């Protein structure tokens, strides 16, 4: 298994390098930092603009391979992601925002998966009865809503609650109350409360997607011979379901997790913007509007690494869970 | 698609058995969810294309004497901040979103079928190269790439946006088609065709694709809904359809901030969006049951 995982890791590394180069080339070709500087008042001279662009390593008159070479060398040797268009450090901004985004991505994806697997398995066991029907309807409606719409509905609900009661019941702006007094406990509670709506917006989508698949794989497993054998050798129905049924039924979920993470990442970017979280997604949208090449590439790098990490996690999960697979 | 379906039967069957097309149709009609979904989708298409003729108002003309009016007999969905009729706008936006969804589903499914079947059938280097491409495109959430490219496409209009959405939407389907092709390739009828000297692309078109068509039809259906959702999300953040064009996404973007006070600016568009995708998903689910040979109602 270690050999298999190492091979996957090597493949992912190759993919990452090619993908990051393509993203760099694409961002350099599509964005126009030169127009950003030329639009400044008073308009700087052409030579000054050129100097500025060269200093930031985003001059479109330097060949893109040369620019990428400089950027990659700085990244590999010094861990430096370059300068933003405002001549501040990309690393600093990156460091400030990464935890905001990761908090949302981690809690959202894991919670969505846990809820979905549990809900789907329960649904399968209760097939065609009330819990199954209710969950099916709920997930159908949720699957028909883009994440940003779910987020907007939640936010509008929170606004309505605020208008009705006269105070902010559930916070819907930002990820902490600025200038909050009190100890660690108060801060943690504050974080958790702020995390509630954005996480819910992401996790509900996960619940809907996973539970549909989990339900159908679980149904396949429920009719299988080995489950009957497990019961025949003396396990209770519930123990057999947990030990033999769920484990097999979860295996296909590991592949789903990798694919679903892509959608989740996009959803998180939208959710951040809607709930005014200063995370990577918000930064990305801002950077595109400001023609900030290095910041855009940095967010792409972050996306690629998290997506590949999710893929690797799925591979590991698959290898660990599937008794038939011996690599 | 239907022509492909009719030529699909690969397994020998007794002459008395009803045709596969009939069987699928009977099963679809028996599934109430799918029927309801189909009716809703038809009605929404009717609304989108006949709606503009039902109202005397134009979607773009402002009317400064009727600003932010609630729904009434005159303005069915009310008016917005510069007095444009929200019904006319919503119908127009729905039309654009539906057309985008259909086109994206069609293009991306075609692409997925071709790439997946080629990768699976030819194997070797072609397979490895195509799958590397798939993996590469799957590294970035498509939103990131589309958002980067979109400023360049400002002048190119919504068709360029359709191409872009389709271009980043086929990879997962292609993977499934590939793995289905891998097992089809070893089946007797494909081998027989190969040994008779049928050209590879002809085999792919005549023998492989018809046999994955059930999956492709289901997938294309669900993709229509997915594409409409991507369209609205990207347009909402200003990376998709742009004014003066309207789509459900641009309407939602314009109405969001005012939703708590002027709900008609937001909830009509939101409701239609959810209704459409829900109906599409119901059809997809019904199709899956009807087309799946392993489903429990498969033997008539």
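Backbone N, Cα and C atoms are what each Cβ position is placed from, and that goes for glycine too.
Just so you know, TrEMBL annotations never went through curation; they're auto-generated.
Of the listed segments A:71-90, A:171-190, A:191-210, TrEMBL assigns transmembrane segment to A:191-210. As annotated in TrEMBL, transmembrane segment covers the listed stretch A:134-154 rather than the other ranges in A:134-154, A:218-238.
Touching of the transmembrane segment (A:12-31) and the transmembrane segment (A:297-321) is concluded from the presence of at least three CB pairs under 8 A, sequence neighbours closer than 6 excluded.
Across A:134-154, A:191-210, A:257-277, A:297-321, stretch A:191-210 shows the highest tally of CB pairs under 8 A with the transmembrane segment (A:98-122).
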